[in-house]
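Okay, structure first, notes after.
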Amino acid sequence: MWQIIFLTFGWDLVLASAYSNFRKSVDSTGRRQYQVQNGPCSYTFLLPETDSCRSSSSPYMSNAVQRDAPLDYDDSVQRLQVLENILENNTQWLMKLENYIQDNMKKEMVEIQQNVVQNQTAVMIEIGTSLLNQTAAQTRKLTDVEAQVLNQTTRLELQLLQHSISTNKLEKQILDQTSEINKLQNKNSFLEQKVLDMEGKHSEQLQSMKEQKDELQVLVSKQSSVIDELEKKLVTATVNNSLLQKQQHDLMETVNSLLTMMSSPNSKSSVAIRKEEQTTFRDCAEIFKSGLTTSGIYTLTFPNSTEEIKAYCDMDVGGGGWTVIQHREDGSVDFQRTWKEYKEGFGSPLGEYWLGNEFVSQLTGQHRYVLKIQLKDWEGNEAHSLYDHFYLAGEESNYRIHLTGLTGTAGKISSISQPGSDFSTKDSDNDKCICKCSQMLSGGWWFDACGPSNLNGQYYPQKQNTNKFNGIKWYYWKGSGYSLKATTMMIRPADF
């Protein structure tokens, strides 16, 4: 198909080339010449004059076409006839020329046509091949572009699908979260209502508990008074029992003495008159010397007074006769007390208690006393400090402590600051620090400037007793952050 098209196109080019190289001229003799140029070859034809042309009968025939003046209708018809005759003559002449050319130039034209056709065919084939190659290349490029566009379109469709899926998921999550928020709001409203109801019930319960607490406090007060009475009766019974034992012992000695005297004929019949037995005691040493050697609670009398106070007497440690002025063992008693309470004493002699600064001051102001401090830690170790001279000044001197002559195993340096320090409580600050040691360290003590000891500090149980600045401490034995398990402070006369 392409070859036929190229062949036809080549033949048209040959004819066009032939007619384009066709020239007409007149020689010197007046004869007409026709020259044909085909490539490097040139062909000249001499043609005879045509004698069959019609003669013009009108004066306007020769130049009828070139006239510019207006003519009437008859002149126009004549002119058209003349033109038709001329056109017919020219047509005949051309036909003759064509026949002549065909006869004379047939062979050459055939060869020329063949050469031209071959050349043009080769060129056309080459052009066609090039066009085919270019078309194929363009087709491949178009195919590649289509593939790329298809891939890009597919990728975009996948991304769009993924975005659509993600959007659907997000919308679902938003719906779920909105639903959860609504549920939480409903639950929150329910809980708020429940909290309000619980607050109301709690207020009622608190009011009821307050009333019960008041009733329990009244009951505890009554029971405390009953317990105090029972303790008094127990102490009285103990003292009476001890006195009965002593009287029985004295009676047995008297009976034995009488029996001895009666069995001896040379003995004088006289009976010794015994002194009146002492029934009041200044301290536990006097009780011990009276023959009462059992540790327990006894009644002591203030010096130069009939006022009495209960104290625990230790008749076992170091020969006995010790009056216990302080004891800590389980944290059952709060030692963060006022000045008045430390002055008069508090707690129970059977457990944790403070005997009272006023009694100790009056007692140690009349005779020379020694002070022994016993300490226990949470690991089962024990230590003590013994001062061979101890006394407290009066209230006007803030019960200032005086100590000398330290011995013992609880440190070679006294953990109670010397010279004497004033006593301080939470409501009476007499220390040498602007920080109020009693409020910061807890309890009443001879703090000096929040010094190295405080046996009346906060009680801490085991495993909670380390790194406690406000605990029961004795610096020169266990350090400042160790809170002890038990402490006892006791005194007796130096000449016991």
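Just so you know, glycine gets a Cβ as well, placed from its N, Cα and C.
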C313: disulphide-linked cysteine among C284, C433 [source: Swiss-Prot]: C284
Residue among C53, C435 that, according to Swiss-Prot, closes a disulfide with C433: C435
D429 (Ca(2+) binding site) and N119 (N-linked glycosylation site), Cα-Cα, nearest whole angstrom: 134
Entry from the recorded positions list C284, C433, C435, C437 having the most other CB atoms no farther than 10 A: C284
Candidate recorded positions N89, N151, C284, pick with smallest Cα gap to C435 (Ca(2+) binding site): C284
Helix, strand or coil at D429 (Ca(2+) binding site) [DSSP, three-state]: coil
When distances run from the Cα of N304 (N-linked glycosylation site) to each of the recorded positions C284, D431, C433, C437, C450, the nearest one: C284
Cα within 10 Å of C437 (disulfide bond) - qualifying recorded positions among N89, N133, N151, C284, C313, D431: D431
